[in-house]
Amino acid sequence: MARVTLTQHLIEQQRAGRITADLRLLIEVVARACKAIGVNVSKGALAGVLGEAGTDNVQGEAQKKLDVIANEILLQANEWGGHLAAMASEEVEEVHQIPFDYPKGGYLLLFDPLDGSSNIDVNISVGTIFSVLSNPVDGPGEPGEIAFLQPGTEQVAAGYALYGPSTMFVLTVGHGVHGFTLDREMGSFVYTHPFMTIPVSTQEFAINMSNMRHWEAPVQRYVGELLEGVAGPRSKDFNMRWVASMVSDVHRILTRGGVFMYPMDAKCRDKGGKLRLMYEANPMAMIVEQAGGAATTGRERILEVAPQRLHQRVPVVLGSSEEVERVTRYHLDPQS
Ligand SMILES: O=P(O)(O)OC[C@H]1O[C@](O)(COP(=O)(O)O)[C@@H](O)[C@@H]1O
Ligand SMILES: [Mg+2]
Ligand SMILES: [Mg+2]
């Protein structure tokens, strides 16, 4: 059977009127940058890319060398593409403007260049997450932070790359979720996972259990019931997985179902949550909803959160809809 590449798939999407030519080319540039990041990730100690960079990012977190390398690759690849008006990155405090003498396009790109950084040095899967918005600024003006502060429902594309045993590129443009596997010999992403879907029910959950004592009551109750297994109110045993790389945890859920939670807790309350809304929660929420799952903060739909700041954080509950609905119900109606 003839193999369909990401490029061919995107041309089909354009022909069907689902994406513009510019958005197609923008996604191609992002995918090419992800290939380059994947090459660096896979070389590991051979290329001297492991370990700390010796700097802090905008969130005050210590940057790994690969955080910096991945960020540079994405910024440089996308600067000259001509499809973007500006970019925002987890690793950069301010909006990154396209240099004035480069061609500018009508889109805004947001990304977490390297997700799951704590896994780099121990050779466990990491990823890249991205989100694309339309630039609301008319004319030649530079889009500032306010241009980016659109709810997740406005995303025109979202996706991630997973640098695991195989490198994958998973994408939605609002018509289902489609997965591509990198053929390293050919250098192209091959369409291997059409219309990825998340089962409604599951027996698997993902949460950092070491935070248990810091959780709010609804999450304590929900996880407590899961742990009671077949003898408890859920009448079934649940398994647990936690990779500590959101891309890997979400990819597992897209593959076989499950619920992923980074809920509000006493440790991250001051910051509003742990995960970043604009380039972690929103793109993953769009992907999960497009795959038939659900995504909330525990209290409201993530995609409807009105952003206040570029680097805003939110609590996240996403995955199989039965479980996400239950966790959300426990928050909104504790007596239920
Ligand atoms: O170390 P913890 O508290 O389990 O947090 C893990 C979470 O933090 C993150 O690593 C944050 O991503 P970054 O590596 O991009 O900062 C998520 O991918 C993951 O779900
Ligand atoms: Mg991240
Ligand atoms: Mg990161």
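Glycine is treated like the rest: Cβ placed from N, Cα and C.
Annotated features, as they stand in TrEMBL:
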DOMAIN    5-194  domain 'Fructose-1-6-bisphosphatase class I N-terminal'
BINDING   Glu90, Asp112, Leu114  Mg(2+) 1 binding site
BINDING   Asp112, Asp115, Glu280  Mg(2+) 2 binding site
BINDING   Asp115, Gly116, Ser117, Ser118, Asn208, Lys274  substrate binding site
DOMAIN    198-331  domain 'Fructose-1-6-bisphosphatase class 1 C-terminal'
Between Glu90 (Mg(2+) 1 binding site) and Ser117 (substrate binding site): CA-CA distance (Å): 12
Non-site residues, in chain order, whose CB comes within 8 A of the mean position of the CB atoms of Glu90, Asp112, Leu114 at Mg(2+) 1: Asp67, Ala70, Asn71, Ser89, Glu91, Phe111, Pro113, Asp115, Ser117, Thr128, Ile129, Tyr279, Glu280
Integer Cα-Cα distance in angstrom, Glu90 (Mg(2+) 1 binding site) to Glu280 (Mg(2+) 2 binding site): 9
Distance from Asp115 (Mg(2+) 2 binding site) back to Lys274 (substrate binding site), taken between C-alpha atoms, in Å: 13
Cβ-centroid neighbourhood (8 Å) of the Mg(2+) 2 site, Asp112, Asp115, Glu280 excluded: Glu90, Phe111, Gly116, Gly127, Thr128, Ile129, Met246, Val247, Leu275, Arg276, Tyr279
Local confidence of the domain 'Fructose-1-6-bisphosphatase class 1 C-terminal' (198-331) - pLDDT mean: 98
Those binding-site residues listed as Ser117, Ser118, and which of them has the most Cβ atoms within 10 Å of its own Cβ: Ser117
For the domain 'Fructose-1-6-bisphosphatase class 1 C-terminal' (198-331), the number of residues DSSP places in helix, strand and coil: 62 helix, 23 strand, 49 coil
Extra residues within 8 Å (Cβ to Cβ centroid of Asp115, Gly116, Ser117, Ser118, Asn208, Lys274), substrate: Asn119, Ala244, Ser245, Met246
Euclidean distance between Cα atoms of Asn208 (substrate binding site) and Asp115 (Mg(2+) 2 binding site), Å: 16
Residue pair Gly116 (substrate binding site), Glu280 (Mg(2+) 2 binding site) - Cα distance, angstrom, rounded: 11
Candidate binding-site residues Asp112, Leu114, Asn208, pick with smallest Cα gap to Glu280 (Mg(2+) 2 binding site): Asp112
List of residues, in chain order, with Cβ under 8 A from that of Asn208 (substrate binding site) and at least 6 apart: Trp242, Ala244, Tyr262
Coarse DSSP state, helix versus strand versus coil, of Asp112 (Mg(2+) 1 binding site): strand
